[in-house]
Amino acid sequence: MNLAKRILQGEQLTKETVLKIYEDTNIDTLDLLNEAYILRKHYFGKKVKLNMILNAKSGICPENCGYCGQSREIKQKQRYALIPEEQIIDGAKVAHDNHIGTYCIVMSGRGPSDKEVDHISNTVRTIKSQHPQLKICACLGLTNDEQAKKLKSAGVDRYNHNINTSENYHDNVVTTHSYKDRTDTIELMKANNISPCSGVICGMGESNQDIVDMAFALKEMDADSIPINFLHPIKGTKFGSMDDLTPMKCLRIVALFRLINPTKEIRIAGGREVNLRSLQPLALKAANSIFVGDYLITGGQPNQLDYDMINDLGFEIDYDTCENKENKNDVSRAN
């Protein structure tokens, strides 16, 4: 194939070429993953960036996203309003102590009120005064220009708003907002010099063409960070009984995203434990970033298992991206 060599030499793969490669059963997934690894190693070496999520507001949402346990369709769910500043600040210390590079503050809902943006902004200022090198990613939903400016001024480094699926498949996933609402939010953040983070959820019944379209959409959007989530079916949601993924399919998806977005931070995110299972380590041959700890309403695996996974691969935590560089051997033992 020599795909990686061709990409490093400047070749721009077309959607048609990538779809043909992705669907070719004669191309072994591990061979495709090896091509992705050449690119991953070229741009990121063997380093792995660590991220941590805090669910700062839960279950209060008017949207009908078919994958989400916090949507309006779910009656039995964990609900609480925006938590106090002190709890968010405490979470930042946990992130710092665990060698996390990016601390992600997430709120449920269509978008934040001005009061909520002020609350988050004040909190971020305090966090930055205590942990100036800890990167802050906000995920608050649809925002306006004034809110984006407040977040930037407070010290928010990155803003996450996932496209989740392809434009063509979007209305099968959610109808209470549009695909354009999501892409406009990312463009607004870029206009305010906030690093754009946008990714996908795979396994919701999308086609192979949709998967390719998602990867190219994020390339065209120029997202700095791309989280790849794998559907973790939640009872009561539209996709609660969906079973469309295998570990090898997940690996093939991650490899494809690396081939199309060779220089970007690609993160294996929600659902990796239940969908990749014993093949989780192989995903880091293409991805260079993971979430550590729990997700929004589903649990992750113990932190030490992630540290061991990184170490067992012969990889290392990317300490260049985290503030806490002390006691490295506590989390990643020398090979």
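Cβ atoms here come from the backbone N, Cα and C positions, even for glycine.
Marked as [4Fe-4S] cluster binding site by Swiss-Prot on the basis of sequence analysis: CYS61, CYS65, CYS68. Of all the Cβ atoms in the protein chains shown, 25 others lie within 10 Å of the Cβ of CYS68 ([4Fe-4S] cluster binding site).
Within 10 Å of the C-beta atom of ARG267 ([2Fe-2S] cluster binding site) sit 26 other C-beta atoms, taking all shown protein chains into account. Annotation note: ARG267 ([2Fe-2S] cluster binding site) sits in a strand segment as assigned by DSSP. For CYS104, CYS137, CYS197, ARG267, the entry in Swiss-Prot reads [2Fe-2S] cluster binding site, with the evidence type sequence analysis.
Among the features that Swiss-Prot reports, domain 'Radical SAM core' is placed at 43-269, with the record citing sequence analysis.
Considering only the binding-site residues CYS104, CYS197, ARG267, the residue whose Cα is spatially closest to the Cα of CYS61 ([4Fe-4S] cluster binding site) is CYS104. When secondary structure is read from DSSP and collapsed to three states, CYS68 ([4Fe-4S] cluster binding site) falls in the coil class. Across the fold, the C-alpha of CYS197 ([2Fe-2S] cluster binding site) and the C-alpha of CYS65 ([4Fe-4S] cluster binding site) stand 19 Å from each other. When the alpha carbons of ARG267 ([2Fe-2S] cluster binding site) and CYS68 ([4Fe-4S] cluster binding site) are compared, the span between them is 20 angstrom.
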